[in-house]
Amino acid sequence: MANASDPGGSNPSLQNYAITASAVKLATLGLITGVSLLGNSALSVLVLKDSSLHKAPYYFLLDLCVADIIRSAVCFPVVMLSISGGSVWSYSNLSCKIVAFMAVLFCFHIAFLLFCVSVTRYMAIAHHRFYSKRMTLWTCVAVICMVWTLSVAMAFPPVFDVGTYKFIREEEQCIFEHRYVKANDTLGFMLMLAVIVATTHVVYVKMLCFVYDHRKMKPAQLVPAISQNWTFHGPGATGQAAANWIAGFGRGPTPPTLVGIRQASHNANRRLLVLDEFKMEKRIGKMYYMITLAFLLFWAPYIVSCYIRVFVKGTPLPQLYLTAAVWLTFAQAGANPIICFIFNKELRMRFRACLPCCLTTQTPMEPYCVI
C-alpha cells in the first residue's frame, strides 16, 4: 500500500492529499488538546476551590482530570511532532518507550478508576450508611493509589520487551505493536482492558436493578394499634410509636409512659435532606456512567482494530478507519469535562457562581442539591 504521507512521491495529487491530511490531523488534535486542557483544568480548579465539592465522588473526578491534563500536555504534542515530521519517529528508542508507557498507563488508569467508581456508586445507593461512614478522604486516597499501582503494573512490562512498544506509523504514535496471535504477546493486555470495561458495566447494571427493584416495593400493610395514654396494645403494637418519639419525631408533651426518657434532638427536615442526598448520589452515578459509556464508545473502534490485527493475519485495515479510531481515543480526554457539566447540575451552578459575571446573581446554595 502506497504511503500517502511520503513527500517524495512522484504523484502531485498524493502530495496534496498528504499535506491536507496532515493539516487536518494537526488542527483536530490541537483542538482536542486545547479543549482537554481548558476543560479539565477548569474542573480541577473548581473541585479544589469549592469546599462543598470536597466529597468522595469529586476526589475521583479530580484524579481523572489530572490524568487527562498530563496526557494532553505530554502525549498529544508528541503525536503532533511526529505528524509534522512526516509520520516518522526521529528520536531515541527509549523516548518512544516512555511515551508509549504513558499512553498505556493513562488508558488503564481511567479503566481501573471507572471500575472503582462504579463500586463506590453501588455502595452509595445500596449501602448508603456504610458508604457515608467509610468513604473518607483517606479512603479515596488509598483507592486512587491502588488504581495508579495497578495501572503501572499493566503498562510497565512492555518497557522490558514483555510486549513491544514501537512507533506505529499507521497510527502516528508510540504504542503497542499488535502482531498476529501466534507471534503476539500483547493479547493479555487487551483482554484485561476488555474485562475491566465489561465488569464496570456489570456493576452499573446491578445498581440499576437495585434501584428498579426498590422502586417497585409495595408499602407494608400496617394494622393500627390501640392507644390508652401511649400504652399501645393490639395487633399493631410494635413499639414503633414510642421509638419514633424517642428518636425525636414526636410532637406535643411527653407521653406518660415515657416520662424520664430523653428525646433526641433532630432537625425537622432531616428526612428530606437524606432523600435529597440519596437523589444526588443517584445522579452522580448517572454522570459517572455516562463517562464510562463515553470511554467505551471512544475506545471501541480502536480496540476492535487491535483485535483484528491480532486474530486476522494479512488483512490491512483502511487507513481512514485506523486514523479515526486513534483520534477518537484522543478525543476521550476532552469529552470528560463536557459530560460532567452536562449531567451534573451542581457543577454547573458552582461554576457559574465562580464566574465574575455571575457573582451579582449568585443564590445561596443548600447543603445538599438535587442535581
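Using N, Cα and C of the backbone, Cβ positions are placed for all residues, glycine too.
Here's what TrEMBL has on this protein:
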DOMAIN    39-340  domain 'G-protein coupled receptors family 1 profile'
TRANSMEM  26-48  transmembrane segment
TRANSMEM  60-83  transmembrane segment
TRANSMEM  98-124  transmembrane segment
TRANSMEM  136-156  transmembrane segment
TRANSMEM  189-212  transmembrane segment
TRANSMEM  288-312  transmembrane segment
TRANSMEM  324-343  transmembrane segment
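The transmembrane segment (288-312) makes contact with the transmembrane segment (98-124): 3 or more of their CB pairs lie within 8 A, with pairs spaced 6 or more apart in sequence. Same-chain residues lying 6 or more positions outside the transmembrane segment (60-83) and placing a CB less than 8 Å from one of its CB atoms are 22, 25-26, 29-30, 32-33, 36-37, 40-41, 43-44, 47-48, 89, 99, 102-103, 106, 109-110, 113, 116-117, 120, 140, 143-144, 147, 167, 172-174, 291, 330, 333-334, 336-337, 340. Counting same-chain residues at least six beyond the ends of the transmembrane segment (324-343), those with a Cβ under 8 angstroms from any Cβ of the stretch are 25, 28-29, 32-33, 35-36, 39-40, 42-43, 61, 64-65, 68, 71-72, 76, 79, 107, 110, 171-173, 283, 286-287, 290-291, 294-295, 298-299, 301-302, 304-305, 351. Tertiary neighbourhood of the transmembrane segment (136-156): same-chain residues 54, 56, 59-60, 63, 101-102, 104-106, 108-109, 112-113, 116, 120, 189, 192, selected by CB-CB distance under 8 Å and a gap of 6+ residues from either end.
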